[in-house]
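Asker: Got these off Swiss-Prot a minute ago, pasting:
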REGION    1-155  region 'Beta-trefoil domain'
DISULFID  CYS31-CYS47  disulfide bond
REGION    156-370  region 'Pore-forming domain'
Amino acid sequence: MRNLDFIDSFIPTEGKYIRVMDFYNSEYPFCIHAPSAPNGDIMTEICSRENNQYFIFFPTDDGRVIIANRHNGSVFTGEATSVVSDIYTGSPLQFFREVKRTMETYYLAIQNPESATDVRALEPHSHELPSRLYYTNNIENNSNILISNKEQIYLTLPSLPENEQYPKTPVLSGIDDIGPNQSEKSIIGSTLIPCIMVSDFISLGERMKTTPYYYVKHTQYWQSMWSALFPPGSKETKTEKSGITDTSQISMTDGINVSIGADFGLRFGNKTFGIKGGFTYDTKTQITNTSQLLIETTYTREYTNTENFPVRYTGYVLASEFTLHRSDGTQVNTIPWVALNDNYTTIARYPHFASEPLLGNTKIITDDQN
């Protein structure tokens, strides 16, 4: 996991400041001003440091930014000829590039999704106030598109928890010890996620001011499935579970726009698609390679004690737990999103020198689709 210093240097400048932007070439400071409500025009106004003139640039994996207004969380959204303020959906027309022209100036460019060569910049319609922001293909020698940061306020990022070693397998202390229901939990990774991509009862406008970045924490532990004392040479059938419940899958998708694929990789929706690389890197997960979602499956498995003495066996499966937190550490989803991965199982035993039980027939008896 990246520590805070690394995160601070890893996130581009776009993600670390609250900005007031003005057009550099104007005779008077023309600051970009978002409407009070979504679905309105982005305008230029006299710089007044109103809440509508403060913006956060949320960076994506490919270097583009999502420009969100601090007042209500609405974002720059491209239309046919101009840019408006709208609710964030993950549309390609909500991703802009900040192109540096000089040390002090840059322009905001957007690419036409239907044409790789059609790159347009934002330009005021006129030098009269107020003025709408329009697109122009006149970029090369056009000083009217240049923007500078009239003011930048440093954005405090959440402190992420430190990574820990992978969870240790529980050890049984005696023939009557069934072991813990769960092993000690280990933090595997954590990642920042913009507030516009998550679901919370706090209004989006309030989130932009108090917790513009949330974080997702990935924890792992060993979950007990069963425990039994096997007489010498005995065979027993045990019930085990794998996957994730439908309730948790839906809740996770609603909460962070991420779900878990059938191969235990992460599947990203439109809102989070632009940060999937950084998200999986930081949380020590992978992007799914399947279109199928993970479901909960129940198995029966036969185990045989091949020893000539009684052995206590306790079966464990690796659990991956995801939780969403505000910048102050408060957990948003009171019930964690948990997936049990039966590709990673272990059996604790006592006496410790006993061999593992012999695995026999395995049968799927139920899943979420039946």
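Each residue's number is its place along the chain shown, starting with 1.
Cβ from N, Cα, C; glycine included.
Keep in mind that what you see is a predicted model, and the values were worked out from it rather than measured.
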Asker: Tell me which of the disulfide-bonded residues CYS31, CYS47 sits in the most Cβ-dense spot, judged by other Cβ atoms within 10 Å.
Answerer: CYS31
Asker: Per DSSP, to which secondary structure element type does CYS47 (disulfide bond) belong, with helix, strand and coil as the options?
Answerer: coil
